[in-house]
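Enquirer: Straight from Swiss-Prot, here's the annotation block:
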TRANSMEM  51-71  transmembrane segment
TRANSMEM  102-122  transmembrane segment
TRANSMEM  141-161  transmembrane segment
TRANSMEM  200-220  transmembrane segment
TRANSMEM  261-281  transmembrane segment
TRANSMEM  306-326  transmembrane segment
TRANSMEM  409-429  transmembrane segment
TRANSMEM  441-461  transmembrane segment
TRANSMEM  494-514  transmembrane segment
TRANSMEM  556-576  transmembrane segment
TRANSMEM  597-617  transmembrane segment
TRANSMEM  635-655  transmembrane segment
């Protein structure tokens, strides 16, 4: 983009678009934008579901959605031009609507709990739970869709009355939303078109190559333990402990997208957990826990994995939560003081709020505020819709999950507006969505309230799911409103697009999940690890006071020890960052280390390979590496997700791979040859 100098703010974005009229609502939400949104929503929901079920890491789809929305729309324009079909010009506002709709749909993959509380309620996650009789609810397709429609829209309505406070008055940054807006603005300039074309070309190449690779691997995976996924990359001894590369391209793509520190933390956590702690605890088999238990029993080694990892995550979440609250409170007090100093008791919304403390609004601010305030949705309408949704949910949710009472649901919806605003405000200041943290707080509160005998585990998971959905969606809407503000997109158009994407996600995501779940139940799926489902089950069990019952020896002692260690690491990391010590770059993330206690080492191995590729690429060609590595990563993730759906469809249709390829040690190979020779002689 060619920014223009403005005497008040130095650099102006809107001067470059000054000659373009702001499109109306009908020119922004068009049939073209809805068709493109539907195609991309379905595709990226498949990808997000595959990632959340297999690894638990969900990268942001804001940039891929904006990029793909731009390129698919431009391609459709060229096709229609070829057939001489009249059409509206493609604007940045329409691009924003597509991005908003797609992200609203894919975000339900996370807030809908498909990889967390939905699976945590099932029998697979409850293996070894001695009180599982009233604390298990198997996934049901109809119940999932109904539940999502009940809980997914409340956050949208409750955050709308706060939009002017956060966007106009306090001018919250929302870093990810701002970055997405700048990306979309840059696309709609001549320079941006050239860059986007290069990115999309690489994205589709990696997308197609990954699908082809997935289909190629399928031909050699005719049975358990067959295929390239079981290649002993680092030798057979490392393979026995789970250290190998399984050629899952999604993990490589995630590693390319994640910050180096997160990948480094995951690597360190894998070495500590799978290389040191688990081998030591396994050596105590028969002493600390019975030796005849399966790997998924909470009475065995899984009990250590769940509660050690749980303790570290709790410590980090507690520390981050307190830090966010302190920062948010200080920011609000500081801005309030600046406003009072700038204009006394009658300070204008734009005065004394920005860090630069500019007394006069810039051209960009004036134009954006004009559009943002023009198409308003009355607060009475949004509040009324929230109240109506609350009443319906209070009446319906206890019928879907009998462990929840009417009073439980009512209390959640009564407290949600306060916490939704707090979470959205903190999200705007720090770019950290703490919906999952509030979810865990709700789980502890309602799990202890209901109790283990009355189904407290399921009640805790349902309460956490409602909380996470309302707060997570509210923060996402606030961020999308910021993106719309910076691209001159009407807040009414953003809200409508958000509602369409949410409704689409309430149908698409359960359908995609059900396909994966059906394949998994047939014995061919890749959901066996369920890292976050085990984590949420552990949280729920701890909330009902069932933590020590049936668990192996010393598990709760280790819980307390690792809680203290993780808290100390989080404090040390924060202090080092504030003091700007040199060592701060090498202090691992607590949450990054903790999640490795719930996943097999092959996932971090793939992430490390992806991070190494991105690092070497940037070292060799910094400009192209930074510009193209996100596109390559997106193609790998998308291709792996779509490839998984294709393989799942083959399984559902009864197709079987023709070849089995296995990797054996030299001794096992000699024994196998001898056995085959005896069979040949018998013939």
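Heads up, the Cβ atoms here are built off N, Cα and C, so glycines get one too.
Burial and contacts for the listed features, if you can.
Expert: Tertiary proximity for the transmembrane segment (102-122) is limited to same-chain residues at least six positions away from its ends with a CB under 8 Å from its CB atoms, namely 37, 40-41, 44-45, 47-49, 52-53, 56, 58, 61-62, 65, 68-69, 136-139, 144, 148, 152, 435, 457-458, 461-462, 464-465, 468-469, 472-473, 476, 480, 497-502, 504-506, 508-510, 513, 527, 530, 532-537, 540.
Counting same-chain residues at least six beyond the ends of the transmembrane segment (141-161), those with a Cβ under 8 angstroms from any Cβ of the stretch are 108, 111-112, 118, 377, 379, 382-383, 385-386, 389-390, 392-393, 396-397, 400, 413, 416-417, 420-421, 424, 465-466, 469-478, 495, 498-499, 502-503, 505-507, 509-511, 513-514.
Long-range contacts of the transmembrane segment (200-220) within the same chain, counting only residues at least 6 positions beyond its ends with a Cβ under 8 Å from a Cβ of the stretch, are 64, 67-68, 71, 226-229, 247, 249, 628, 631-632, 634-636, 638-640, 642-644, 646-647, 650, 657-661.
With a cut-off of 8 Å between Cβ atoms, the residues of this chain six or more beyond the transmembrane segment (306-326) that come close are 273, 277, 298, 422, 426, 429-430, 432, 434, 436-437, 440, 534-535, 537-539, 542, 547, 551, 555-556, 558-560, 562-567, 570-571, 574, 590-591, 593-598.
Among residues of the same chain six or more beyond the transmembrane segment (441-461), those with a C-beta under 8 A of the stretch's C-beta atoms are 113, 117, 120-121, 126, 129, 131, 134-137, 401-404, 408, 412, 467, 536-537, 539-546.
Using a Cβ-Cβ cut-off under 8 Å and counting only residues 6 or more beyond its ends in the same chain, the transmembrane segment (494-514) has close neighbours at 25, 29, 34, 37-38, 41-42, 45-46, 49, 53, 96-98, 100-109, 112, 114, 118, 139, 141, 144-145, 148-149, 152-153, 156, 160, 377, 473, 476-477, 480-481, 483-484, 645.
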Enquirer: Please figure out which one of 409-429, 597-617, 635-655 racks up the most CB pairs under 8 Å against the transmembrane segment (261-281).
Expert: 597-617
Enquirer: Near the transmembrane segment (556-576), which residues from the same chain, at least 6 beyond its ends, have a CB less than 8 A from one of its CBs?
Expert: 304, 307-308, 310-316, 318-320, 323, 547-548, 583-584, 587-590, 594
